[in-house]
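What TrEMBL records for B:50-70, B:90-110, B:161-180, B:201-224, B:282-302, B:326-349, B:396-416, B:461-488, B:495-512 is transmembrane segment. Per TrEMBL, domain 'CBS' is recorded for B:551-609.
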There are 2 protein chains.
Amino acid sequence: MEELVGLREGSSGDPVTLQELWGPCPRIRRGIRDGLEWLKQKLFRVGEDWYFLMTLGVLMALISYAMNFAIGRVIRAHKWLYREIGDSHLLRYLSWTVYPVALVSFSSGFSQSITPFSGGSGIPELKTILSGVVLEDYLDIKNFGAKVVGLSCTLAAGSTIFLGKVGPFVHLSVMIAAYLGCVRTKTIGEPGNKSKQNEMLVAGAAVGVATVFAAPFSGVLFSIEVMSSHFSVWDYWRGFFAATCGAFTFRLLSVFNSEEETITCLFKTSFPVDIPYDLPEIFFFVALGAICGVLSCAYLFCQRTFLGFTKTNWFFSKLLATSKPLYSALAALVLASITYPPGVGRFIASRLSMGEHLDSLFDNNSWALMTRNSSPPWPKEPDPQNLWLEWYHPRFTIFGTLAFFLVMKFWMLILATTIPIPAGYFMPIFVFGAATGRLLGEALSVAFPEGIVAGGVTNPIVPGAYALAGAAAFSGAVTHTISTALLAFELTGQIVHALPVLMAVLAANAIAQSCQPSFYDGTIIVKKLPYLPWIRGRKIGSHRVTVEHFMNRTITTLAKDTPLEEVVKVVTSTDMADYPLVESTESQILVGIVARAQLVQALQAESPSWAPGHQRCLQDILAGGCPTAPVTLQLSPETSLHQAHHLFELLNLQLLFVTSRGRAVGSVSWAEMKKAISNLTNPPAPK
Amino acid sequence: MEELVGLREGSSGDPVTLQELWGPCPRIRRGIRDGLEWLKQKLFRVGEDWYFLMTLGVLMALISYAMNFAIGRVIRAHKWLYREIGDSHLLRYLSWTVYPVALVSFSSGFSQSITPFSGGSGIPELKTILSGVVLEDYLDIKNFGAKVVGLSCTLAAGSTIFLGKVGPFVHLSVMIAAYLGCVRTKTIGEPGNKSKQNEMLVAGAAVGVATVFAAPFSGVLFSIEVMSSHFSVWDYWRGFFAATCGAFTFRLLSVFNSEEETITCLFKTSFPVDIPYDLPEIFFFVALGAICGVLSCAYLFCQRTFLGFTKTNWFFSKLLATSKPLYSALAALVLASITYPPGVGRFIASRLSMGEHLDSLFDNNSWALMTRNSSPPWPKEPDPQNLWLEWYHPRFTIFGTLAFFLVMKFWMLILATTIPIPAGYFMPIFVFGAATGRLLGEALSVAFPEGIVAGGVTNPIVPGAYALAGAAAFSGAVTHTISTALLAFELTGQIVHALPVLMAVLAANAIAQSCQPSFYDGTIIVKKLPYLPWIRGRKIGSHRVTVEHFMNRTITTLAKDTPLEEVVKVVTSTDMADYPLVESTESQILVGIVARAQLVQALQAESPSWAPGHQRCLQDILAGGCPTAPVTLQLSPETSLHQAHHLFELLNLQLLFVTSRGRAVGSVSWAEMKKAISNLTNPPAPK
């Protein structure tokens, strides 16, 4: 009976094969099979992209962890060497300096020999790529090796060189994302699509940040703020998914390797939860933000100036052009000599790694109060339980070392950023900000040793909280982002200081954004990469300026009836990438776009068959197979600057043609936009 | 000497007045005055917008706090009444039920009598407004009073009605933002600009969420995710600024009112920091996410179905159309009767307010383990130190009450959402999710009473963490957002569970988003508000479909040489808001857009002067002063669906004309886009 029902059901739907009838319960088996099929389809439908995003996250986490692991071993070897080499100062000095010098010059030489643009953080270039510019080979998987090896060497040089990992890691992640995008296109077989590829790159950037800090939230937000001016919620969700996979795998690996007992944050703090800070302290937090803002302006200005100086000064530019490893070695030697622990390094806590710097700066207790009546000795080795002892000097006191640290690191960091090696500049800035905050926090804890009294209750001041706020505010101001506040919380696992830290970051950003371009924008300007400046919201004038006022009116159009000789002349005399194709020389009605490259190819293929007597025109070549692209979007002369800027930014465009009543009358590209925007700020002098 | 120098300096720059020379140190005084002038200019330059954003934040915080304060008093009075009325069951029952019934029916009657669309959360309507649709009067400041009074009454009814504050508060905030925007336009005197206004509204939405939860980060992100499909980093910064001002003021007020000692989070938790959870627990967190995802699908489906039912069923629709207060009173009576504490309310912890629900559900300890061997009595009043006792029943056990709570609240919540009063639906969903998570957490703590052993260390399971994850996952799934995870951290002040909670939210979202539209989208669909469906990233087909395939080809153009009789005929026979203006009937070259309203006006003004013999045409009217708008953006037939959709979404457009070689050949509006997108999902049957 059961089987009969199965048969009948089968006959109404798909035919039941005889084979199916032989086994027991054909109906149930069919049901299960259909269910599995449905689940498979469902998963695969959701899949497509998700699988690639997951792969991206897991892969980057593996690379990040493996890199950390290898670097840790190298640093441990260096420490061992320094410890065991004996008490001779010369030997100790040599063992301290030769190591980073060798690593940095190798890093510089190796990476530069493979690709000339592997130096620096890579984020400015990525920003340019994500805004639609094609930088040839920059995301090629070939550069991957150069960047990985170079970055590992840089990081293995440790806190001597004082450089970080985020920037190049974002670059690596985007490279992998671009590669996975290609793989996806090939496996699925759909045509390569620019917006699809961009989606993958954006997710890659988020994964890069998230796998370095194990912080998915701030990974996504930081990459958004740094990379783009607009964002789609769809990309944001994809970013979250990939970043979570990456951060989870990254922390999972350290559990598997028995470094941690379970998945936790990187820099655990134990700030008091019930009353983390008193109301009047808010004022000091905001003041700290303002200080960090001013400091960041000074830093950005000096950094950009010095970077420009190394490019224009004949000595530096010659050295950098001909022998990069030599320059790197020299700079590394200077940095390593200063950080030599028995020398100046004693006063800048140079025996600590950058992670230990942060760990110690986020400490709850007030060092100034602890060392008021006692004077703990300088340990032979940094004591993992009392890392803060490195910051203490009996005569200099805590304040002296912290201030000296800030002064020295200020120019050392600027020097380090000019070394042509793959390196990130976020982490050093974060540590610098933490030290600034700590200095203020310690000062406050001395000024109010009993804590600030409010509402009858006294609570001791926690200098670590100021370090946290300082780190977030300074790094936020330098990079022009707000999500560094969130990063600080994700790194420490506590969010009790949400409001004061956020206010400090906002104050710092208000100052920095109104005075200086961000670190990454500054690099874009110095490196002369193409960029589209943005219109500040208050520039209401941008609504009144229309395309008519600033478009490029001298465009070269190709009409279908243009004689071939004329076409050849145009192609050889101009260097536009695309030519607007118009109906006829007379009407100038825009009908399409011809790419220069394809036109040249078609012209070359055609040229032998030119009969001298017969007057051939462009129409013949087009009919002969030269492809034209349709005009999918066109501006009108009445479009406002604001609207045009919006379009360029949102759709990652670089050139649009302007038509009036169908006639091609001009074109607008980044160059014209830039000029129009700068005219908004500085109106042209009346003639 | 000093004065001479001052004089000389003065003469080289601005002239020094004699008055200035009389006082001491003219140079220093000038310097100070110039400095102050510079600072004033600088601040005012930064100002413009910032002042308005700050005002918005502070104002909303004041309103939010005042509302909370008033509601707290009303609820306290209700509690006092219920306590003091004696032991008679009838009197107690009446005092329990009459109060909310009266409040809800007053809320419904009052708000509906002022504006018919003040019911519900308002977020769906705001979403529509932010996508560019003009909903008349919806943001009018007149509705403000109706919404404030209505919402206060709703909230004063307490956990009996079990509705929240977020949605209407976002609406209130956006109203204030719109009003401030108008004020700004008037004071500065710049012309009203749509994109400027939109910026203000977006910030308003962020402030609304932030001032309810005192959570600036999630306020900004939640409002972005719910409201828009794209956002600009510029808006995001402005949102952060306004939200921080709002959240800070909101918490500051409670410190000033001595409710808190300092600024802290709303629902403080004390989860263990060192080892908050064990690695294998990640699996249960993700499973919890999946459970919440499935539950949310069921909830969304039932909610939408029931909402549709009340609109189609003759009894409900008649009741709702004629006497909304009666319907509200009936529904409130049902809800209040069920929550009567000595009755069924005993099993659903109905004596707790919604905040106390959350406070108790986020508790660290396992209630199941605590009540294993002892059976604490039911206190006469909820004990603030042991709120969890409300959840315990000797025979039902913790599991019984939690499960019963979920079952009852499921349909009670759906019933409550149909009451036409201003009310938010986010908070109840958040509590529901927390209870779901708590149930799983308690079950796990009983299953593994020693904690999960991993790596030789055993850690007790914290059911509160599951409640946190459940709340974030369920509310995230219902609203299709991820930032609820961040909200959970900001509310509790701890972010140690960052990864597991985020993974739970992602799992829940994956299920909910692939099966059901979000709560707000569902309401948009049921309320038949205009909306533009979005193209899922995987629908690669959208790149192949071009505007040519789906545009509306039957557009009515007005040519400059159209006779006036013809124009009148067109205007009276069609109802488009804008007509494309073409050069001549023959050429059809698009030159501008004429608004119907203005055309009608011009025609009416013109009509008396019509001379019978003289054939007048549209050209004359245009010359006579009827304004035409320029075409700032036009589509080509070759533009892909994807690109067109992008444009509509990004620029908040509703209609674009399509031109081919300058000729107006069609138009694309939301209607055509919707049809084209639905054809992508379900290809039209071949004819």
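For all residues, glycine too, the Cβ spot is worked out from N, Cα and C.
TrEMBL: automatically predicted annotations, no manual curation.
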Residues sitting near the transmembrane segment (B:201-224): Cβ under 8 Å, six or more positions beyond its termini, same chain?
53, 56-57, 60-61, 63-64, 126, 129-130, 139, 165-166, 169-178, 181, 231, 235-236, 238-247, 249-251, 265-266, 479, 481-484, 486-487, 490-491
Would you kindly check B:161-180, B:282-302, B:326-349, B:396-416, B:495-512 and say which stretch has the most C-beta pairs under 8 angstroms to the transmembrane segment (B:50-70)?
B:161-180
Residues of the same chain, at least six outside the transmembrane segment (B:495-512), with any C-beta under 8 angstroms of its C-beta?
271, 273, 276-277, 281-282, 285-286, 288-290, 292-294, 296-297, 300, 465, 468-470, 472-474, 476-478, 480-482, 484-485, 488-489, 518
Would you mind listing the long-range same-chain contacts of the transmembrane segment (B:326-349), meaning Cβ under 8 Å and 6+ residues beyond its ends?
89, 92-93, 96-97, 100-101, 103-105, 107-109, 157, 159-162, 316, 319-320, 357, 360, 378, 390-391, 393, 396, 400-401, 404-405, 408-409, 412, 415-416, 418-421
Can you give me the average pLDDT across the domain 'CBS' (B:551-609), rounded to a whole number?
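Mean pLDDT, the domain 'CBS' (B:551-609): 82.
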